[in-house]
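Going by Swiss-Prot, these are the annotated features:
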BINDING   176-231  ATP binding site
BINDING   Asp303, Glu316  Mg(2+) 1 binding site
BINDING   Glu316, Asn318  Mg(2+) 2 binding site
DOMAIN    145-349  domain 'ATP-grasp'
Amino acid sequence: MAEKLHISVLCGGQSTEHEISIQSAKNIVNTLDAAKYLISLIFIDHVGRWYLIDQPEMFLAHSPDHLVKEGSARPITIAFGDAAKPWQSLNGDGRRYSADCVFPMVHGTQGEDGALQGLLELLNLPYVGANVQSSAVCMEKDLTKTVLRAGGIPVVDWHTLSPRDATEGVYQRLLDRWGTSELFVKAVSLGSSVATLPVKTETEFTKAVKEVFRYDDRLMVEPRIRGREIECAVLGNGAPKASLPGEIIPHHDYYSYDAKYLDPNGATTTTSVDLSESVTKQIQQIAIDAFKMVHCSGMARVDFFVTPNNKVLVNEINTIPGFTNISMYPKMWEASGLPCPNLLDQLIELAIDRHQEQQKLIRCYEVKARSL
């Protein structure tokens, strides 16, 4: 019988998507095959303290904060020097805990922007999902679009602002540029529609800019696209595959954080999408091309708008897509014939394969001294 792999699922974190991260992690833990894996949770609280929860059933039954308070979650630190045992107890005994592969499910800041991936690289650990560079590029939405546009991939147009930029007259200039007064003001590096605000007037624009700068030091302005919100899941390393597309049908004015997570009737999500075969294939091909262009690996969800005349536009790339019970990434693969348990198996295999390939690369170049 093969030895079980020890999988550490990371969740929580110091971002506005902390709670969503926990829900994603719970769904992953509940789905991973306990016959194949030894599962532990690494919980990062709101102030950045790390805890280990080695009883998955406790994590599924209680909130991580509750487990911290009652002592079931052990405080840990990062231990360098032994990749097989990266977590070290802070309880005084110095015990170290194993991990064969890490499944990061920390959404947003410090989890999806390359910071956590950099730490895992330093620990020499296999981990699921995009590497440092790809994570950083995809977290910065304006940088993502710059790269994709340079590669010929159609994207929603945008304008970037920093707090140092003058905003007087910007709204009118953008109205003239795009021919619409309906715009979106959004944080450059946040997800789950946090700090994403629709505006229709210059007064609303000014207020929205001020509000979004409370969350991020750069923002994007985009024309509002009156089209269908389509998503496509991508899976793989060197030869990625695309799922059948899914669709988000918001019942609010737009697909806000509240519509996503707080209002049970905030939106309808479906994997039975009424698109022509040609548009479906176009979406899948663009999703794969975008994935490869920013050098993603493992997984990503590519979000699109499809206009009434069937023009396909990329909106963004999400390198740690949600895995909650309503999340589209696993649902799209389920509709494509890949059930979630098998999807998780493949993601772990892809992570380990990539790590093994990286280990073959020459990292030290020995320069022989030239004899004088």
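Just so you know, glycine gets a Cβ as well, placed from its N, Cα and C.
The number of other CB atoms found within 10 A of the CB of Glu211 (ATP binding site), across every protein chain shown, is 14. Put simply, Glu316 is the one of the binding-site residues Asp303, Glu316, Asn318 whose Cα lies nearest to the Cα of Arg218 (ATP binding site). Within 10 Å of the Cβ of Leu190 (ATP binding site) there are 24 other Cβ atoms, across all protein chains. Shown are the binding-site residues Asp176, Glu204, Asp303, Glu316; of these, the residue with the fewest other Cβ atoms within 10 Å is Asp176. Summary for the binding-site residues Leu183, Ile225: the Cβ-based neighbour count within 10 Å is maximal at Leu183. Once Cβ contacts within 10 Å are tallied over all protein chains shown, the binding-site residues Leu197, Arg218, Asn318 are led by Asn318.
Here the candidates are the binding-site residues Asp176, Leu190, Leu197, Glu204, and by Cα distance the one nearest Asp303 (Mg(2+) 1 binding site) turns out to be Leu190. In this structure, the CA atom of Glu204 (ATP binding site) is 24 Å away from the CA atom of Glu316 (Mg(2+) 1 binding site). According to DSSP, Leu183 (ATP binding site) sits within a strand segment.
According to its DSSP assignment, Asp303 (Mg(2+) 1 binding site) is in a strand.
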